[in-house]
Amino acid sequence: MLSQEASAVVASFGQQPGVTREHLDNFNRVLNDSPELTRQINDAVQKKVLKGFAPLNDPHAGGTYDPRDQEIHLPLAALVNDANGKHAAAGDLTFVLGHEIQHSLYSPTAALAREQFKTEAIKIARSTHDYTAAGEKVLASNRADEATAEIAGWNAIVSAVKSRNPNPTLEDVYLFADGRARDFVTRSGYPSVYTPKANLTFNSDLTLSPTAGNVEAMGVNYFDKSVKDTRIGHAGQSDYVNHYGPWVVGTAAIYERHYNKSKPGEPEQPMILDMQRLGFNEEILEHNGIDLGSDTRPMPYLDSSTQPPTPGLFQHSKDTHLHVSPISAQALEQELRERDPQSPRPPAQTPSQPGHPDHALYQQIKSGVMQLDAQHGREWDGASQRMTASLLALAKEEGLSRVDHVVLNNPTGQLAGGEKVFVVQGALNDPAHQRAHMPTVDAVQAPENQSFDRLQAINQTQAQAREQQQALEQSQQAVTQTGPSIAR
């Protein structure tokens, strides 16, 4: 059971703005159903790394731990009952709580890694200016943090399942939180067979110990996943390394400038980063928000993953979340004015409205989803609407110009029927057709506004790529027309 101090921390959640009796009851029920969660909370509170719980506003996170206020933030949508009066998100929330509580327990280690980076940054700024190796150490700590948090989340759901069934199977645990269990268990065949991931070593009671081997395995299974399979950060367009990367970039820039002050009229000393080795992407880093401190001028850097190193600029994007490559101050101010919610403008149209540029593609996908519903005896509902929005973002991201079919996968030796949903451009029997797919459960569960936000970010990225390509073609054309100059 919860300690007296931990009980007070949990009870304080009910005093947060927007938290209802239903939210609090479901929260307490989740804690009571998993003895492992109770143990974790008692441990975190006793170690003074967890002081409270609060609502979460980020639509791209299932939960967060903030080491500054030592609070875990949870989405209230995960604490409401469905139309049948059931708490459908109980399994997912159990996992998230185990994950975030472990983040709180790891926070002193994470802080130590950041302090070590700062210590190394002083020497680097005075010598090589290359922050790659120091950055790798911080990211390795971040990776271990996420991996151990995943293991804690798994153990929390195993504990909850065992409270109902003392001898559960992998299938029981998987089905309790299927959206989270996929990184631990492979579901294949028809009827479905559930097998542990080959790189994990489970205990006889189905729990996982945070051994070096298991932590590395979850680093691979979770932290190392692609942007497409992660979708965190600003607008859901990031993987984990670029989610943590802005701190490395911003901190390195602050130290580099402090110890290498440039004289008026002289170029700044660029810092050096091997972007490929670190897994960094300038655009994603800037979308996630880089804080360059009080000196918000773009920070020059050299990407040493190419020879010769490629010059670049990191923008101060903490508040704008804009990627500019580079852009004039006037153009940036104009872009901000266009995005300023306070400026007078007509309400933004959504793809479901005729005036939106992606409306035709939306309608094509909607038609396909409606056909799917009809084939399965379903009426158009909120799940259909969410799937349509998810597939629209997927189609734009994968470069489909139209969608002729929306189909589910047939059962195979690896997948049960309907686990994946496809959007197809062209005839189904045409080997040259284009298609894209995503897990059906993700397509159905992603909030519509989250998918529309992702679509907007994709459209902005593609528009910028087109502009850069046009500028490159124009510059190449100009060089061709003028010819090389002759010095004498």
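Our numbering is plain: 1 for the first residue shown, then up by one each step along the chain.
Using the three backbone atoms N, Cα and C, a Cβ is placed for every residue, glycine included.
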Given the ranges 209-236, 461-488, which one is assigned the annotation region 'Disordered' in TrEMBL?
461-488
Counts by DSSP class (helix H/G/I, strand E/B, coil) across the region 'Disordered' (290-317):
0 helix, 10 strand, 18 coil
Beyond the flanks of the region 'Disordered' (290-317) by 6 or more, those residues with Cβ under 8 Å of it:
130, 132, 246, 249-250, 253-254, 256-257, 267-277, 282, 323-326
